[in-house]
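See structure below.
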């Protein structure tokens, strides 16, 4: 129900790109950024608009973790934090975050409606199963009563034909049996009418539920179209003018997404351009392939090495740290 692609467009000295560039374009972009690498990059947290619904401590933690994703890949110091100096990191609230929050609220509402519809359908199915079981029991009891009525009618026929001894006692027994059978049938008739009433009520409820599910599916379609149409905007931006540098985040659903947006823009601050690998932090888009990444990818590490000529770290098996962090799809 969420848009698959959420772009991280590059802004500032380099023209923003929306789609992943070709291999030749990517190489040229990396060479351009490599000439501007100034590690270690000084960073400080600037304004945080509280309408993002993330407090300053959460944003500070996301920034720390984003820097750690790159630092874990390098033996050289890549970042340093100094209050009021270097790259100013801020969360800027505008129609992008407002739209994302509105879509998230609609999505949450749809999730609640879906949960309720599932519960209603389950309850309706349970009531239908119970009614079906009661109907089967009713039919069984009706058959047994019919057998008793048929046996009684044979006795009455024999009485009328004189095929049995006619005594006052037998006459009274047949009359009592006839009365008892008539009352039993009346009771079953009442029960049948009640079962039919309940069945009709269940059918009406089922029709209402079907209409509600159709309306829900329509709302889901509308939501998905709106969410898809909302892709293609910048979630974050790195900009440099002379000695001043900024990282601005325009959209972050939560602390984890904020960490990835910041990691992407910090990569630009290091002089790294976009890479064509969809699972990389420096991919042009934040989507299903790189959402939830906890470490930079092999392509990110290679881009870092080319841009800043740093010494890359390895783990005990000689594997890059990116192998430590699974990609979580959500």
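Positions of Cβ are set from backbone N, Cα and C atoms, glycine also.
Now, the feature entries from TrEMBL:
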COMPBIAS  124-156  compositional bias 'Basic and acidic residues'
COMPBIAS  163-175  compositional bias 'Basic and acidic residues'
DOMAIN    234-305  domain 'Peptidase M10 metallopeptidase'
REGION    124-191  region 'Disordered'
SIGNAL    1-25  signal peptide
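Confidence across the domain 'Peptidase M10 metallopeptidase' (234-305), taken as the mean pLDDT and rounded to a whole number, stands at 93. In the compositional bias 'Basic and acidic residues' (163-175), the DSSP tally of helix, strand and coil residues is 8 helix, 0 strand, 5 coil. Sorting the domain 'Peptidase M10 metallopeptidase' (234-305) by DSSP state (H, G, I as helix; E, B as strand; all else coil) yields 23 helix, 14 strand, 35 coil.
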